[in-house]
């Protein structure tokens, strides 16, 4: 199974409760513990200016899109062994779909 459109409102709540402590969304907002997510879609792993990535993130070499995010967000450490992202992942497909649907609009 892969990405399917979700509920952006539920995704916003997931972002607020599971992601916002480490990530920002807006253009020009700084990095926190994790990188700023503005312009996420179409960007390559390990490429946000001013953020200190692990070699594993830089070497992964994939482009973030709905499908790569869907797989990554299930278990970040499995998808990119060596990442410093401490988040354990979202195991439910629906939660990942909702979050990615929210991120599509909020990271433009």
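From the backbone N, Cα and C atoms, a Cβ is placed for every residue, glycine too.
As annotated by Swiss-Prot, heme c binding site applies to 19, 22, 23, 85.
Of the listed binding-site residues 22, 85, the Cβ environment within 10 Å is emptiest of other Cβ atoms at 22. For residue 23 (heme c binding site), the Cβ neighbour count at a 10 Å cut-off comes to 22, with all displayed protein chains included.
Each residue in 20, 21, 32, 33, 34, 37, 87 lies on the same chain as 19, 22, 23, 85 and has a C-beta within 8 Å of the C-beta centroid of that heme c site, without being one of the site residues. In the three-state DSSP classification, residue 19 (heme c binding site) falls within a helix.
Residue density at residue 19 (heme c binding site): 20 other Cβ atoms are found within 10 A of its Cβ, drawing on all protein chains shown.
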